[in-house]
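Trainee: Dumping what TrEMBL says about this protein:
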- H153: active site (ACT_SITE)
- D157, G158, N159, G160, R161, V162, A163, R164, Y191, Y192: ATP binding site (BINDING)
- 71-213: domain 'Fido' (DOMAIN)
- 1-32: region 'Disordered' (REGION)
Amino acid sequence: MSDSNLNNMKKSKRYDTSHLIEDQTEPGSKGRVLKNKLGITSKREIDRHEKAEQIRTIEELTNVFSVDHRFTASDISKIHNLWLGGIYEWAGKYRQVAISKSGFPFAFPAQISRLMVEFEKGPLHKYTPCRFKTLEEVVKALAIVHTELVLIHPFRDGNGRVARMLATLMALQAELPPLDFRNMTGKGKKYYIKAVHEGMERDYQPMEKVFTAVVRKTLRDRERK
Ligand SMILES: Nc1ncnc2c1ncn2[C@@H]1O[C@H](COP(=O)(O)OP(=O)(O)OP(=O)(O)O)[C@@H](O)[C@H]1O
Ligand SMILES: [Mg+2]
C-alpha cells in the first residue's frame, strides 16, 4: 500500500483506483490489511489465515494437476482463486492497480492480459509439463517460469506465493519433493530480488542459481529423513 507509483498515479484522475475494492484497506486496520470478505483487521490474523489456506490449496492442487499437465494462464488464476477465493474479492482476477516494490514497477495493469497470454504461449508451453531429464533443465524451467510470472505480477497480492506454488507443482512433475524455499525467502532474499531484476533483461542465470540452491537444499533434507 505504501506504493509511490500508485500514489503518483492517483494524482491523475485517469488512474484513480480508490473506488476499487482491491485498492482499499479494512477500516480499523490502520491501512495494514487489505479489504477482505471476513472483515479481518489484524495483520497477524490475516497472515495466519492466508498461510492455512495456502497449505490446504497445495494439498488440493496435487490432485488437480497431473504430472503431465501443461499449465495455462487460466490455471494460474485458478490456483490464486482456490487459495484466496474465500478471503478476497479480487482472488483469481488480474489486478487493475499499478504495483511496485521498493521502486521496482511490475507490469502495467492494462498489459497484464496480453502478457499472460504470452506467458502461456511461451514459458508455460515450453517448460511445462516439467519432465526434463537433467536437473539443469529442470532448474532452468523453474527459473524462467518463476521470473516471468513474478515480473508480470498479475494479482493484487500473493504473486510470490502463487509463483512458489507453481514451482512446487512443476518440481513434483519432475519427481522432486515439494520445494523448500528458505533460500529464497530467508537469508538469500536480497540475492533473489536481484535475480528478479536481472530477469527484466532476460538474464535468467541468477535465478537459476537461486533455484539450484533451493533444489539442493530440498534434496539434502530428503536424504536426512
Ligand atoms: N524489490 C523488489 N523488486 C522486484 N521484485 C520484488 C521485490 N520485492 C518483492 N518482489 C517479488 O514480489 C513478490 C511479492 O509479491 P506479492 O506481495 O504479490 O506476493 P506475496 O506472495 O504476497 O509475497 P511473498 O512472496 O513475499 O510471500 C516476491 O516474492 C518477489 O518475487
Ligand atoms: Mg504480498
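For all residues, glycine too, the Cβ spot is worked out from N, Cα and C.
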Trainee: Per DSSP, what is the residue tally for the domain 'Fido' (71-213) in helix, strand and coil?
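Mentor: Per-class counts: 88 helix, 4 strand, 51 coil.
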Trainee: Express in Å, rounded to the nearest integer, the largest CA to CA distance found among the ATP-binding residues D157, G158, N159, G160, R161, V162, A163, R164, Y191, Y192 named in the record.
Mentor: 22
Trainee: If I restrict to non-local contacts, at least six residues apart, and a C-beta distance under 8 angstroms, what lies near Y191 (ATP binding site) in its own chain?
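Mentor: Sequence-distant Cβ neighbours: P206, K209, V210.
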Trainee: Taking ligand 2 as the reference and 6 angstroms as the Cβ limit (strictly under), which recorded positions among H153, N159, R161, A163, Y191 are close?
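Mentor: Among H153, N159, R161, A163, Y191, near ligand 2: none.
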Trainee: For a Cβ distance below 6 Å to any atom of ligand 1, name the binding-site residues from D157, N159, R161, Y191 that qualify, or say none.
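Mentor: The binding-site residues passing the 6 Å Cβ test are D157, N159, R161.
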Trainee: Average the pLDDT scores across the domain 'Fido' (71-213) and report the rounded value.
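Mentor: Mean per-residue confidence for the domain 'Fido' (71-213): 97 out of 100.
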Trainee: How many whole Å apart are the CA atoms of N159 (ATP binding site) and H153 (active site)?
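Mentor: Counting only the Cα atoms, the answer is 6 Å.
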Trainee: Report, in whole Å, the straight Cα-to-Cα distance of H153 (active site) from A163 (ATP binding site).
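Mentor: If we compare the Cα positions of A163 (ATP binding site) and H153 (active site), the gap is 9 Å.
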Trainee: Rounded to the nearest angstrom, how far is the Cα of R161 (ATP binding site) from the Cα of the residue listed as 'active site'?
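Mentor: Cα to Cα, the residue listed as 'active site' and R161 (ATP binding site) are separated by 11 Å.
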